[in-house]
């Protein structure tokens, strides 16, 4: 069982920075026009800018850019000074050095210069103007303005002073005065480009973008070499959404001076935001070529590599940036972020701690550091660090959201829910909190609330990959598999490396039956994240289902190495070992598995052991019920949301049968085809008394084209293919419309089940029967059809259903119809030999021609058998025909693989091993063979002189204690062997190894391959005794072996699955084959193996009881079942509550 779909708790990296501005390295342009362009693609129109500006993280980037520029003006000027040497700089270069915000004109040469008195000293206007510029460049705006005012008072038309006053007032936020000085400058010289550029800054700051653009454009028109104006124009164009023109403006600036590495870096930022990563990369590389010590370009180039998935190159460039500038805070943050994504957690912690050394009260860095602690499993440390981030920045929704994630991981779900709500209180559009709160609601079973929250998260942020994946998981749970696939694909489109989405989509594809596509998804998830334990576990499960045990064990083991505390992987790995009988550390493994299940049930989690596997482990009845109940709840939850607001299904009228209608019974199964369940019950629909019941069969699987399916379709009054109605709600509506009185669940939790249909209650009475050997644990199932031996009242606490007893056994087999050619047999022997009657056998549907041969002799044995439904004990005479002919030619035929031969002149026989090749439908049991089939021990390498003990069950039903009993039996029965099946083949080496370790000669264990149905049953005649598996009996295989007349030894335990064989044997009238203890089990088998007369008598008794008892009597079974179903309806009809129906049947003493 693969783990139920993983719900991504989106642990957002708080305030993750992208491209970084160079502190102090930006050429003159307005501080409020950051060099970062909004995220988007090339050619984004202005109409789409609003959406682009909402890109997660964009606002943080812009604010960081602005804050960096404002806080580092002095450093900016220093960096520019390093780029352009003041001594010998060109006029254009001198212009770039004047101010980070405003453009100033060069002083106009005047002769002679007027003077002003400064600090009692007479100075020229030129000297005072220079002093004003120096103070401005140092950020000393008050002193700069004082000097400018002295000049202005003396010369109101001094153009450089007017421009400088405009710049000073812009920096000090006196925007109106800044605008007035710019207008005065234009009045003085209407061709002054700098004045128009500064006026553009004013309009941009006031939000009048069009006016700003007009002034910037006029500035560059007046002065085409005006770099400052081009940069300001580029920033304004970005704000207006005209990204292509902004790129052009940057290019124009760089054509004037290609060595402006800061401008080139800003152009790279814009190109990156437009999705033009390769062009951005060229810009950053050119900036680094121009100035190799330019740390910002190294950091920005790291951002590009990170966006392209080149994680190691990104790490290298961020590390280079912090090497060049050890105080580069943003580079440390980016380095920490990319190391976190690469899951290099220790180095990520170091990077974040270095950032905190530079800025100890940086809430964002505390938040990111907490995320790493969370990923490392240091939950308490993560919680403390998130709380520190919140203390530093109380209005921090991301931190509240991530704190909630950590609290939830710790098990503090209530507190986690409160933190998500706090995040949403601070920011109602916080999509992460919507998503994560939905996860909690989903785990609480509040599917409707969860769905609403996921949809809300996607409404806020349609590109939210985790929310798409989580919504898909709910859709999968509801059976809307195609819709789920669409959302998983959308999640992967948004986040191509979203490993969880790939893994979950694999689960959905597996459920849809597309195993190859599911494997591809799991492998892709592992390729993305080799440490993704869930994906390894899911891949293991699909290998397990396909019987690829080596691959399954390897993948489960890998999952556990990656995640030692992984209950699903541990329990599934334990089941794999059980399947192949690998019992190393068996007791320890089983104890741990039981503890895992008990812990999960205590915490009200879905257990990691599937209901159908729970019978294999020493779990309490309460635990098995709880496991089943959890799965029943999943079925109920899946359909509950679908039916909200719909009219409840209308049941058949309570008095419809009383008013003359026949009782309508509906059999529901996915196994109407070539499946053991159909092999058992295919004749029942046709043998029901149609004067009493009206039979409906509802198939959950498509037509497999076999005769089994055809027989059921033809002999049922109504056969409905529900596989063509995939919607459980509509399927339930169909059943309700058919007016079914009693609906019978034949699947339980086996493959192909649709218990969701039963959860919708389409019938007033719903019953478990035959196909699933345990309780459903479901409140929507009323009865389980069983018997007093299989389910004595003392074990009623093992079921949520009420017990409804059949009078003999609840089990049935169609062998008398399906395999009637095995009703009789002829033993073939050489004259004068004492070969056993189980060495060489002939079977055919018509024995008369063989029995007429003169070579036929008769062996007669008297025995006592039960007869009929009243189980009357009667004497019976077994007459066994023996054909005495030379057997050597037959043995040669078998050794050479010859298909047919003449035993006598007119008697052609067929090698029984050739049935599959010669008659396919006869081999599968769909048709009765029309030839004489020869079955020999030689065909299976079984010695003629040996006592052959057999077991044809799947090997997972064997446990160490069972094999220990079998070894003891072999040790006490000379010349005995144990005949098992390679079911699966991987179990053979482990069983042989176990036996050898306990001193048993490995040659005494014989394995055969799994065979088609007819051969599988027929070859059972070659065994002397069948040894049943107490842990989980042979159910269908028990019926198979008994049909061949072979005695079966069993021992009932406490589970239903462990008591079926006992019920069969009691119904057959041979309770002496049922042991109460392990010692008795061994004793019964040893006596059969060592006492030839006792064995012969027991074989005769079983052989005769097949046809005299009710065990294989389908007609009688139908009559008994009709009585029982009628009693259920009578109780309902009279308004009586559901209760046990025992019909005073008593459980035999000691059972």
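Every residue, even glycine, has its Cβ placed from backbone N, Cα and C.
Pulled from Swiss-Prot:
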- 125-158: repeat 'TPR 1' (REPEAT)
- 227-260: repeat 'TPR 3' (REPEAT)
- 261-294: repeat 'TPR 4' (REPEAT)
- 295-328: repeat 'TPR 5' (REPEAT)
- 329-362: repeat 'TPR 6' (REPEAT)
- 363-396: repeat 'TPR 7' (REPEAT)
- 397-430: repeat 'TPR 8' (REPEAT)
- 431-464: repeat 'TPR 9' (REPEAT)
- 465-498: repeat 'TPR 10' (REPEAT)
- 499-532: repeat 'TPR 11' (REPEAT)
- 533-566: repeat 'TPR 12' (REPEAT)
- 567-577: repeat 'TPR 13' (REPEAT)
- 591-607: motif 'Nuclear localization signal' (MOTIF)
- 612: active site, proton acceptor (ACT_SITE)
- 954, 957, 1010, 1011, 1012, 1013, 1016, 1017, 1018, 1019, 1034, 1035, 1036, 1040: UDP binding site (BINDING)
Most crowded position, judged by CB atoms within 10 A, among 612, 1018 as recorded positions: 1018
Largest separation between Cα atoms (Å) of residues that the record links to UDP, namely 954, 957, 1010, 1011, 1012, 1013, 1016, 1017, 1018, 1019, 1034, 1035, 1036, 1040: 22
Closest of 1010, 1016, 1036 to the residue listed as 'active site, proton acceptor', Cα positions, binding-site residues only: 1036
Protein Cβ atoms within 10 Å of residue 1036 (UDP binding site), excluding its own: 19
Nonlocal neighbours by CB distance (under 8 Å) for residue 1016 (UDP binding site), same chain, sequence gap 6 or more: 952, 1010, 1040
Three-class DSSP secondary structure - residue 1016 (UDP binding site): helix
Helix, strand or coil at residue 612 (active site, proton acceptor) [DSSP, three-state]: helix
DSSP three-state assignment for residue 1036 (UDP binding site): helix
DSSP-assigned states of the repeat 'TPR 1' (125-158) in counts, ordered helix, strand, coil: 27 helix, 0 strand, 7 coil
Residues in the motif 'Nuclear localization signal' (591-607) grouped by DSSP into helix, strand and remaining coil: 12 helix, 0 strand, 5 coil
